[in-house]
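For reference, the structure is listed below as structure tokens.
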Amino acid sequence: MLPSATCMSFQTTQRSTFLIQSSLQSREDSDNRALQEGNELRKILLTRYFGNHKLHSMLEAGSGNSSSGGFVKPSSGGSALLDSDKSGSSMVEIQCLLDKVGATELVIDLIVNTKNDRVFEESILLGIALLKGGNTQIQNSFYNQLYKQKNSEKFFKVLYDRMRLAQQEIRSTVSVNMFDFSCRKREDESSFCSTRFRKGKDLSLYMREDMRGQLKEASSATSKAISSYRNEPDPDLDFLGQSCEAVGADELEEEPEMSWPIAIMKPVLRYLQLLCENHNSDLQNFLHHQHNKTNYNLVCETLQFLDCICGSTTGGLGLLGLYINENNVDLVRQTLETITEYCQGPCHENQTSIAKHESNGIDIIIALIVNSINPLGENRLDLVLDLKNNASKLLLAIMESRHDSENAEKILYKMRPTELVDVMKEAYAQDFEAEEDMDSIGEQIKPRDVGHNIYILAHQLARHNKILQQSLRPSFGPGLDNDKDEALQYYAKHTAQIEIVRHDRSMEQIVFPVPNICEYLTEESKNRVFTTTERDDQGSKVNDFFQQFDNLYNEMRWQKKIRKNKALFWFSRHISLWWSISFYLACVLNLTVGAFYPFGDDGDEGTLSPFWNISLWVALGVSTALLPVLPKQWGIVSFLVSLILRAIYTIGLTPALLLLGSINLFNKLLFLVSFVGNQGTFARGYKAVVMDLLFIYHLGYALICVLGLFVHEFFYSFLLFDLVCREETLLNVIKSVTRNGRSIILTAILALFLVYFFSIIGFIFFKNDFRMEVDPLLASGGADLLCDAKAADSSSENSCPASPPKSLPDEDDGVERVCDTLRMCIITVLNQGLRNGGGVGDILRRPSKEEPLFAARVIYDLLFFFIVIIIVLNLIFGVIIDTFADLRSEKQGKEEVLKTSCFICGLERDKFDNKTVSFEEHIKSEHNMWHYLYFLVLVRVKDPTEYTGPESYVAQMIAKKNLDWFPRMRAMSLVSNEGDNEQNEIRSLQEKLDNTVTLVSQLSSQLYELKEQMTEQRKNKQRLGFLGPPQLNHHHIPTH
């Protein structure tokens, strides 16, 4: 029996652990009263553990104010921690707050010092709760506590001993059951097994109920807690080895449960996994080597534990189904996940340790993938699939980011390459069989996804094995395995690979599954991104491509959403068709208006001669008959033309025009629905709608269709400007004016200043020379013209009023003075001077050489001609023409770049001449631009705690908006070709070195044997010298 002080310490630390864990895991469903009472007890227990002075110092150092950390006065009704819970604080904030008050130190002290199994279990669970989600601050806190404060040796010894104890327990208790390990007991033991080991969830609920009766007696908590701890029923203590009264002994013998030393390994392994979460390289290496007097390699010990629990130590290798059942399958899965976390990042030391370990761990991992795990697989296929999935991830982690083939060759040495292909085919076939069951069960891993991971594993191993490389290629021809080829084709289609650049400028190839959401990327968006992405100063398009990622990802999400609406998806898929129909209808409408407007002035639009009437009917019939024979485009055009002409002369011009306008408006509305469906315009908010110029343009197009249909037919003429938006060449024409618009406007302003200057000079000196011939509008003729213009737009028959006769000028008939005022002088120079080829001098009076201002007139005319006409106007024309030429050159350059250079790295086609990889293979397989987009999507949608090492590295670079991970002017195929000769030399040197080492070892063994012989002879001589007389030696010397 322990002394009372020791019992008090154990009970106090135990209760503090329970309460902290309960506060962290059950904060969402805790009522205010329990939270307040729990806070009071937590304060008392932490004060007992740390001491009053140390606790207050830690709170002041960790928080700085009562609102952000620490505990408030009891009168305030709770603590800051609880207040932060109420306000919606995140789990990370609570974890960090607990770390500031010493939770990590508490966990380490409890693990190292406790001898109580219950306290040890709760300490591990508290460590798991603190590390949940891969909290880097908590990881660093554990590392500092263990490494810098030299507490690691005892800590790792405890965990090492627990693993050793679990292995001994397995060896002594695990028996092979040769019969069916089905789920026959699942219903009978539901009341018993539901209270067993569950990651601490039920335990926390139990402790909350238990502590409610003890909160008011905190001062006497020690004695009462000990008595309650001994007397009250505890499902976890029953789980530690005692039989439950509610369950008969026969049932326990029928389905043996894991003992506590084995079951505790699941939270221990989970705790070790979370220590290394997010690829914490310091802790990964620390678990392998602690730099202490005695080092405990938990990495190899975990692999040894996997080897033990799967039956390898008892000779059961290959009979996994006899050792893995529903009771321990979660423990096996956790072991695989923990070893995977040891290796990812990558951690080359841990990878090498696992690959070179003397146990059968690698054999076990391979067997989990390629072998059937029956009878478990017959009853719980989902559990078997989970094991195979984690085992394949583990093998990928062992080979992750390695530039050598050592680990891959070790894996290939222990397996037949074709086994992976068979497993892939089986998983692909199981997906169809289990599809309905999976839908009924819920979200579980699918067999096809497991097969996909195994395919990626085989793809990585195929680099080092030609047989496997050939097996992964689909075969074509009669009599072959179509199911196998179908599976390989599916996996190849949904697998992508890219190349990235690490911090040390080394390149690495990544193979990954394409996320399902990527299939919703439309071809229109692909073409737009491919053709419009701009190059940066370094000649790469990566920067602009990366800037468009958010829009592309949002488009994929929107496309996935509208797939649920079949009608909207159908309209959106044919957006290009609706746009083309709108343009062609606009052309037909304007041709009709141009040919027959004004309507009804001849009175015979609806009548045709019998010959033309019959001809139109025949043309309609022939075009209809030839519709399936002629090419699709021309057949449809001929049919529509004949149909429209027949409609015009059958139902009348005005009704036909209304019908065509209505069809055009309806089609444009369909286009708007398709446009909104494709882009998700309204889902992006009001600001995005207003800033979307393309949507505003198409909305204005629909408005013009309405105006043309209900106001006047002339509005249809504006629809022809849609050709500018459809053709890039015409856009370049517009851009030739708008791109250098500022230069053109400034030059035009300069021209206006010069016109104003020349107008002033002309007004002062040459006012009488500004005489221009005019054609006066006669009164009666003008009235007739005005009446005709009004008659075209109005059906009124009122006669036009006669206009009063204009007063004729005083000068000769047909000549007027146009510079009597400066305003008229400016207008005349601007209007006539700029439009005449010779300048303003072409419209001025021709002076005589005898006039005194003859020379001044000549200079005036020449200056205006040279300065305004030749220099200024040609400057404007030159800017426009040069801009258009530049745009045309840019277009040709873009087309050339798209054809001859890689979108990602920027390498040109000639770099791949006479290489093992062609340029087409390079842009299709190695640097496929869409594969990089799919990888960005994968990093976006994947859980960060599930990242592999390369994915974690890329995610960090994306968060920093650093694009150095994209390869620029580099490719692994070119680097490998250049390094082939060097690699061959290294291999030859390695072979010579191996031969030399072998020879040296042989010589060493021979020298050792010779030394032994010499020593034996020396002993014999000494023995003979002691036994025989000295003269015998003299007789033997001459004989030798």
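Quick reminder: no glycine exception, Cβ is built from N, Cα and C everywhere.
These features come from TrEMBL:
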type     : residues : note
DOMAIN   : 263-368  : domain 'RyR/IP3R Homology associated'
TRANSMEM : 577-599  : transmembrane segment
TRANSMEM : 611-630  : transmembrane segment
DOMAIN   : 637-891  : domain 'Ion transport'
TRANSMEM : 695-723  : transmembrane segment
TRANSMEM : 744-766  : transmembrane segment
REGION   : 793-813  : region 'Disordered'
TRANSMEM : 862-885  : transmembrane segment
COILED   : 972-1020 : coiled coil
Examine the transmembrane segment (577-599) against the transmembrane segment (862-885) and state whether at least 3 Cβ pairs sit under 8 A, considering only residue pairs 6 or more apart.
no
Same-chain residues near the transmembrane segment (611-630), Cβ under 8 Å, at least 6 residues beyond its ends:
636, 638-639, 641-643, 645-646, 649
Average pLDDT across the coiled coil (972-1020), rounded to a whole number:
78
The domain 'RyR/IP3R Homology associated' (263-368): DSSP-derived helix, strand, coil residue counts:
69 helix, 0 strand, 37 coil
